[in-house]
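Trainee: The feature active site, proton donor/acceptor is assigned by Swiss-Prot to D204, with a curator's inference given as support. For E18, N154, D204, the entry in Swiss-Prot reads divalent metal cation binding site. Here Swiss-Prot flags R101, N103, E121 as substrate binding site. Annotated N6-succinyllysine per Swiss-Prot: K144, K244, K253, in sequence order.
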Amino acid sequence: MSSIKVECVLRENYRCGESPVWEEASQSLLFVDIPSKIICRWDTVSNQVQRVAVDAPVSSVALRQLGGYVATIGTKFCALNWENQSVFVLAMVDEDKKNNRFNDGKVDPAGRYFAGTMAEETAPAVLERHQGSLYSLFPDHSVKKYFDQVDISNGLDWSLDHKIFYYIDSLSYTVDAFDYDLQTGQISNRRIVYKMEKDEQIPDGMCIDAEGKLWVACYNGGRVIRLDPETGKRLQTVKLPVDKTTSCCFGGKDYSEMYVTCARDGLNAEGLLRQPDAGNIFKITGLGVKGIAPYSYAG
C-alpha cells in the first residue's frame, strides 16, 4: 500500500468551496465558492488563481467542448467565456420556486450537463425540505426534469460502462444508483448502494475512479470515503484536518492526485481556530488508484 499524503495546497479560505474539476489542457483546477458567487481557476503550474464573479450563488462548473465552461448560477444553466468574463444564460429551471438554487452538477459521458436544485439554506444543511429537482441540460439547450422532492441535490457520476448513474440526495444519507441509458439520458430503477454510517455524517460531492469505485466527500465528517457500489461496502477512509469536506475529483498529470474542496461557513470561532485550513483546497496523493478525465458539455 502506498503511503497516503494529505496536504493543503491552496490557502484562500473559501466560504464554501465546491465542484472541483480538472482541466487537463491548462493543468488547472476549476471550482466554485457558492456563497461568494465566484468561479475560480487555479493554475497548478504557476500557482495563480483567476476568478470570475457572477450575480448569484454559483454551485458547479464544468468543461465545454466549444471552449470556455458551463456553470450553474442561481437557477440558470449558463455558458461562461473566461477570457472576457461574460456569462450567457442557456436555460432556466424552478422559475416557480424563488427560494431555490442549483447545487452540484456534472457532465455525463454523452455531453449532457446534469445538475439538481435545492431550497436556499437558512444555515448549513438547514432548509425547507423536498423543494429540489434533478435536471439535465442537453446539447441543444433543452432541459429534462427527472424527478422532484429532492432535499439537497448533490454528488453524481456514471459507471465506467456508462450503464449506471450514481446520485446523492444529501439528507437521505445514502448513495443511490439508477439504470442509465446513455443514448437517451433516461434513468430508472432507483436503489440504494450505500448507507452512511453515523460518524461519516452527510454525503456531499462524489467522483468515480478508474476501478469503478466511488469516492464520497463527507460533510461534517472530515473525510472522503471509497465505496464499492456493487457490494455496498466501504473500502477506505481518508481523513482531512477539516470537518466540512464538500467534494472531490481526480487530477494531475495522470489523474493520480485527488483534490478536495471544503467549507468554513457554519464554523464558529472555536471551530475556525481548531481548523485554520477550513475553506482551503487539499490534495491527496498515494491513493494507489487513478481517476478518469471529466466529460465536457457538448452544447
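Note that Cβ sites are derived from N, Cα and C of the backbone, with glycine treated the same way.
Since this is a predicted model, take the numbers as computed values, not measurements.
Could you tell me the structural context for the features on the list?
Mentor: Taken residue by residue with DSSP, D204 (active site, proton donor/acceptor) is part of a strand.
Mapped onto three states, the DSSP output places R101 (substrate binding site) in strand. The C-beta environment of R101 (substrate binding site), restricted to residues of the same chain at least 6 apart in sequence and closer than 8 Å, consists of A56, P57, S59, G74, T75, T117, M118, E120.
According to DSSP, K144 (N6-succinyllysine) is assigned to a strand segment. Other Cβ atoms within 10 Å of the Cβ of K144 (N6-succinyllysine) number 15 in total over all chains.
All protein chains considered, the CB of K244 (N6-succinyllysine) has 29 other CB atoms within 10 Å.
Cβ-based neighbour count (10 Å, all protein chains) for K253 (N6-succinyllysine) stands at 9. In the three-state DSSP assignment, the secondary structure recorded for K253 (N6-succinyllysine) is coil.
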Trainee: Around N154 (divalent metal cation binding site), how many other C-beta atoms are within 10 angstroms of its C-beta?
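Mentor: Its Cβ has 31 other Cβ atoms within 10 Å.
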Trainee: Give me the Cα-Cα distance between E121 (substrate binding site) and N154 (divalent metal cation binding site), rounded to a whole Å.
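Mentor: That separation, Cα to Cα, works out to 14 Å.
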Trainee: Report, as a single number, how many Cβ atoms besides its own are within 10 Å of the Cβ of N103 (substrate binding site).
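Mentor: Other Cβ atoms within 10 Å of N103 (substrate binding site): 27.
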